[in-house]
Amino acid sequence: MRPATALIDLDALRHNYRLARSRHGGRALAVVKANAYGHGAVRCAQALAAEADGFAVAFLDEALELRAAGITQTIVLLEGVFDAAELEQVVAHGLWPVVHHAAQIEMIEQAALARPLDIWLKVNSGMNRAGFVGDAVGSAWQRLRASGKVGEITLMTHFARADEPQVIATAEQLADFDTATRGLPGPRSLANSAAVLGWPDAHADWARPGILLYGADPMPGEGNGLQPVMTLESGVIAVRDLAAGAPLGYGARYVAERPRRIGLVAMGYADGYPRSAPDGTPVVVDGQPSMLVGRVSMDMLTVDLTDLPQAGIGSRVELWGRQVPINQVAAGAGTIAYELLCNVKRVVFRYRG
């Protein structure tokens with residue numbers, strides 16, 4: 001069997017959820033959209049089911065997958081519904097849709113619902129991606145209430161730069177949210193992962209921890225005690241001696257400056273490892289630090305074994321996880337941990353805890 005695996009530590013997932021809930025102080029939705037950021041939504045939700053206050057997904061199909069797997073807690077649909085036909089299933093399965101534009105209000109007004117919906121009303125406080133702005137927030141709230149088809153209305157917003165504590169954008173968004181929602185009753189939900197960790201003023205009734213659940217710290221410094229949930233590993237499948245001056249891989253990006261011993265690893269960009277990872281990107285081979293050399297191929301990559309004489313065919317190679325911080329790999333590749341995690345595929349997933 002090909003040795004590429006993603007080891008998912010469910011104890012670490014639970015640790016991170018508890019940390020988020022403790023730091024925030026209120027209830028916390030575990031965000032498991034995008035297949036739990038590549039970790040497996042059903043397995044992650046089941047692991048958190050005994051203690052999570054609820055879950056958040058992007059759209060209806062993701063929620064239905066959780067319901068079919070026995071998840072009974074609150075599930076929020078962060079994109080809301082896409083057409084009126086979805087409202088029947090939303091009601092039937094007890095889901096809470098986000099309402100972020102007027103067409104969704106019209107769907108609710110015109111629908112024949114078996115019972116009132118609890119909804120989350122999204123405020124655009126400065127990210128300018130989705131939601132109602134300024135006075136339109138109050139108007140939307142009044143329309144929803146006047147429809148007679150909604151129960152509790154939770155007011156929410158989303159921060160664009162909460163992971164940049166030195167800039168004032170988040171403080172400005174908080175002020176804009178407070179102005180737009182002044183006088184409107186109901187719970188509030190403001191804090192994403194970065195705000196849970198770095199913006200106490202954003203702590204309200206509901207937090208929405210996402211990336212932090214999976215152990216990738218969104219804040220500079222990474223001193224928040226998160227534990228990595230995914231360890232991406234594979235094995236050395238061949239070893240080659242490379243002479244000084246010899247090129248390696250596509251484009252001859254790497255040229256050996258001295259004789260090198262190279263390990264070929266069964267992992268490539270088709271598995272989700274970034275093709276843009278540069279020479280020198282850290283890896284760990286049999287518990288010892290090493291590095292990527294040469295361009296990542298579709299199914300394979302190459303690592304330096306020169307100073308690891310005991311390493312050879314069958315040696316385990318950690319690409320990120322417990323020993324190799326995913327944020328370090330992402331930064332070198334010019335991307336973010338979110339993208340790397342969501343892109344993992346073609347590997348065997350193994351769960352523990």
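Using the three backbone atoms N, Cα and C, a Cβ is placed for every residue, glycine included.
A quick note: this is a predicted structure, and the numbers were derived from the prediction, not measured.
Pulled from Swiss-Prot:
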ACT_SITE  Lys33  active site, proton acceptor
MOD_RES   Lys33  N6-(pyridoxal phosphate)lysine
BINDING   Arg129, Met298  substrate binding site
ACT_SITE  Tyr250  active site, proton acceptor
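Feature map: annotations from Swiss-Prot on the structure.
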| residue | record | contacts (Cβ under 8 Å, 6+ apart) |
| --- | --- | --- |
| Lys33 | active site, proton acceptor | Ala41, Ala56, Val57, Ala58, Glu62, Leu78, Gly210 |
| Arg129 | substrate binding site | His158 |
| Tyr250 | active site, proton acceptor | Gly294, Arg295, Ser297 |
| Met298 | substrate binding site | Gly268, Tyr269, Ala270 |
Reading the DSSP string in three states, the entry for Met298 (substrate binding site) is coil
